[in-house]
Amino acid sequence: FCYLCCVHVLACCCGSAACSCCCKCCPKIKQSTGTRIMYALYFLLVTVLCAVMMSPTVEQALKENIPFYAEFCQTVNAGEDCKTLVGYAAVYKVCFGMACFFFFFCIFTIRVNNSTGCRAAVHNGFWLLKFIALVACCAGGFFLPNESTFLEVWRYIGAVGGFIFLLIQLMLLVEFAHRWNANWYSGVKYNRLWYAALAFVTLVLFSVGVGAVIFMGIFYTHPEACLLNKIFLGINGSLCLVVSLLAISPFIQKLQPNSGLLQPGVITVYVMYLTFSAFSSKPKEMVVIDGVNTTVCVFPFNSGTESDKKIVTGLGTVILFGCVLYSCGNLNVSFTLQRARCCFCFGDDTEEYDEEQTGSGQNVVYDEREGTIYSYAFFHFVFFLGSLYVMMTATNWFHYDNHKIEKLLDGSWSVFWVKMASCWVCLILYMWTLVAPIVCPKRFVA
């Protein structure tokens, strides 16, 4: 029995079998879901590695706790104290390898329509071999010739790719808001409790949005400073009010009966998060109070300026991985056919699929034998762009000189304007989804 179990695990890691190394007590998992989770773990591992490379704190801890650290660095030709393995240049090289890995699979899986072909088998299996390939790609970046030229060119490629990822992220957020509302609204004719669920969630979202406006108005503005904060908080708050009223206006309701306040509630919360993130990323302002230079418009608690950075970093990480995972399987999936349910993000679970019993391992449901439920190529393309976005974010975009991961959200006007512009793009995209049937009625005729 042990021999067969080991053979199965090796088949999972080195062969085309779906990954099912978990124990049998775990619930069964769809093949498509398991595949996306595995690629997300690859992405997460490299992202953590990039954070470590940009952290002098971690570098110092390695020096102090690893025996013969200096000798090891000389053995692997990594320079004195492994200087070539840290800093923005190392992050660029590692992310270059990860981007190449996902870009190759993006090209490799173009026009894969079901999971029965050899290309689909490579996409859904061979996890150990693919992990080795990912490590080889990341390590290969350190052997590229003409390092200065590579870094200069790759910097601009990363900026373009990171910006495209931001746009896709905003598009996905708008699409998610519409999908959420449509899915829950479809259950109203079967159970009136869905009305209560919609109303409750909408109330919570707008409460969070209004609370964020009040919070930033109190703590991120000052009578003698922070003029940009006052202006943009007023603009963004007003625009959120405008799109909310537009969503429930009679002429929009006539063309889109399912349009309601849930969608603008989601958009409002996200715009307020971006606004808070932009204020936290802006260079600090100081005014003279009682003859003392005092920093104003900063996070009010814990008597320091690091709390807002920790909050923004945590929320930003959750949003980043949420958008990556959500984008991997849902941009190409029709959501109008799904039944109403609380968790709707990864497709319906009512269909009957073939299920493989995997001995002592987790059971796998093969849900793509007839056709893929998401675009494999687009899946990898999003991870390719996500690799570039992580690279630019970890190195503070173009302000990489002497940058440290601990100073990721220190004052930077470039980051401030990127986040503020993202607010407006998000609002414009959502507004366009509301008025598009009016502007282009023929394209929306059933």
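Every residue gets a Cβ built from N, Cα and C, even glycine.
Here TrEMBL flags 1-19 as signal peptide.
TrEMBL lists 39-58 (among others) with the feature transmembrane segment.
Long-range Cβ contacts of the transmembrane segment (90-112) within its own chain (Cβ-Cβ under 8 Å, at least 6 residues beyond either end) map to 42-43, 46, 49-50, 53-54, 84, 119-120, 122-123, 133-134, 136-142, 144, 150-151, 154-155, 158, 161, 372, 376-381, 383-384, 387-388, 390-391, 394-395. If you look up TrEMBL, you'll see 90-112 (among others) marked as transmembrane segment.
Residues or ranges marked as transmembrane segment in TrEMBL: 124-144 (among others).
Annotation source TrEMBL lists transmembrane segment at 156-174 (among others).
According to TrEMBL, the feature transmembrane segment maps to 194-219 (among others). Distant neighbours of the transmembrane segment (194-219): 181, 184-185, 187-188, 229, 233, 237, 240, 244, 260-262, 265-266, 268-269, 272-273, 275-276, 279, 297-300, 340; these residues of the same chain sit at least 6 beyond its ends, with a Cβ under 8 Å from one of its Cβ atoms.
For 231-249 (among others), the entry in TrEMBL reads transmembrane segment.
According to TrEMBL, the feature transmembrane segment maps to 261-279 (among others).
Annotated transmembrane segment per TrEMBL: 373-394 (among others), in sequence order.
Residues 166-167, 170-171, 173-174, 177-178, 232, 236, 239-240, 243, 246-247, 251-252, 255-256, 259, 263-264, 267, 270-271, 274-275, 277-278, 281-282, 396-399 of the same chain lie 6 or more positions beyond the ends of the transmembrane segment (414-440) yet place their CB under 8 Å from a CB of it. Marked as transmembrane segment by TrEMBL: 414-440 (among others).
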Stretch of maximal Cβ-Cβ contact with the transmembrane segment (261-279) [cut-off: under 8 Å; candidates 39-58, 156-174, 231-249]:
231-249
